[in-house]
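In what follows, a structure is listed as structure tokens, so that the remarks can point back to it.
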Amino acid sequence: MSGSISERINTVRAQLPPSVRLIAVTKQVPSDVIRAAYTAGIRDFGENRIQEAIAKQAELQDLSDITWHFIGHLQSNKAKKALENFQWIHSVDNLKLAQRLNELAQQIGISPCVCLQVKILPDPNKSGWSVPQLLADLPTLNQYKNLQIQGLMTIPPLGLNDQEIMAVFNRTRELAQEIREQNWPHIQMQHLSMGMSGDYQLAVEAGATMVRLGTILFGERGN
Ligand SMILES: *Cc1c(COP(=O)(O)O)cnc(C)c1O
């Protein structure tokens, strides 16, 4: 890892097609570093813990054109806070959560953008719809009119080689295409949220429209 935050951002940005949205994942990154990334031109930020994100958002209130993306597993009891503090939720990973978000969005009077998280391969460490379950749930999802369902999110299981990772990303793109061809009036499928620091180049090659990058911009996180 070398260079300043802005140099790293510029290097990565230059490798991405202009149409691909770069989401800077700032979990465990302090708000002054987020501010530096903002100054370098980033407007999309991703977080995976609600409390941590809210604390930093409070310190960054003056940066009013940030779009906040929630990318972590969302527990039902935090759904309201997520909706109040994030414009996008990439990690809607089951029907019950989608239903809860839709109800809350209606109560609050908002229409959040969401992605449906899908597991192309079985992965005990990750949540998300299996492909058959997602296809079965589409008629119900189509009724959640307060959600703007924008597309699919996926994270390949750990330990795959490049070819296997590429197959996961390609399958995700094909699945979005299959769903699009079903013409659900309330399900959009124009976005693919896929690609992290280790695999974003493959994801872009496979058609990602949003990449979620942490380590490559901010360095290794402590734990
Ligand atoms: C942490 C995280 C990222 C970023 O991962 P890096 O490997 O640090 O780029 C992307 N997506 C999700 C869901 C994450 O939790």
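Quick reminder: no glycine exception, Cβ is built from N, Cα and C everywhere.
Per TrEMBL, domain 'Alanine racemase N-terminal' is recorded for 4-220.
Look at K27 (N6-(pyridoxal phosphate)lysine): DSSP puts it in coil. Taking Cβ-Cβ distances under 8 Å and a sequence gap of 6 or more within the same chain, the neighbours of K27 (N6-(pyridoxal phosphate)lysine) are G46, E47, N48, R49, E52, G72, G214, R221. Feature annotation from TrEMBL assigns N6-(pyridoxal phosphate)lysine to K27.
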Mean per-residue pLDDT computed across the domain 'Alanine racemase N-terminal' (4-220): 98
